[in-house]
Amino acid sequence: MYAVVDVKDKQFKVQEGDTLYVPYHSDATAGQELTLDRVLLVSDGDGDVTLGTPTVEDATATARVLEHVKGDKVIVFKKKRRKRYRVKRGHRQQYTQIEIESLNANGPASSDDEEAAETSDAEPDEDPEAEPAEA
């Protein structure tokens, strides 16, 4: 099973257990669990693909923050010839490393849904073969 998720306007193809670098989340700390609810596409691996418009309803991905890291240095060099103008600057972009723990095509399971399923599976009090009472 794989999914395409949108994290801060960047799209990533993810599977359970994947580790990836996403744009920096300033409010997330190492070890914190994130719920990625902007799932654009879900595939179960058997060729069955669900495409969202723009997102797939009730589909989520759960991820754990591993650490905050900086990317490779990008050198910005400006120069104007014959004018003795040269500026050299460097920049390191910040990223958040996350690990995908689970993909849920039907959204997160809640206790209310489980209770409703248990109630619907319970046998009815009345005998279905009994004849209805006449009024």
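Count begins at 1; order follows the chain as displayed.
Heads up, the Cβ atoms here are built off N, Cα and C, so glycines get one too.
According to Swiss-Prot, the region 'Disordered' annotation covers 85-135.
Annotation source Swiss-Prot lists compositional bias 'Polar residues' at 93-107. Residues 1-3, 14-25, 28, 33-34, 42, 44, 50, 56, 58-71, 74 of the same chain lie 6 or more positions beyond the ends of the compositional bias 'Polar residues' (93-107) yet place their CB under 8 Å from a CB of it.
The compositional bias 'Acidic residues' feature in Swiss-Prot is assigned to 111-135.
Taken through DSSP, the compositional bias 'Polar residues' (93-107) splits into 0 helix, 12 strand, 3 coil.
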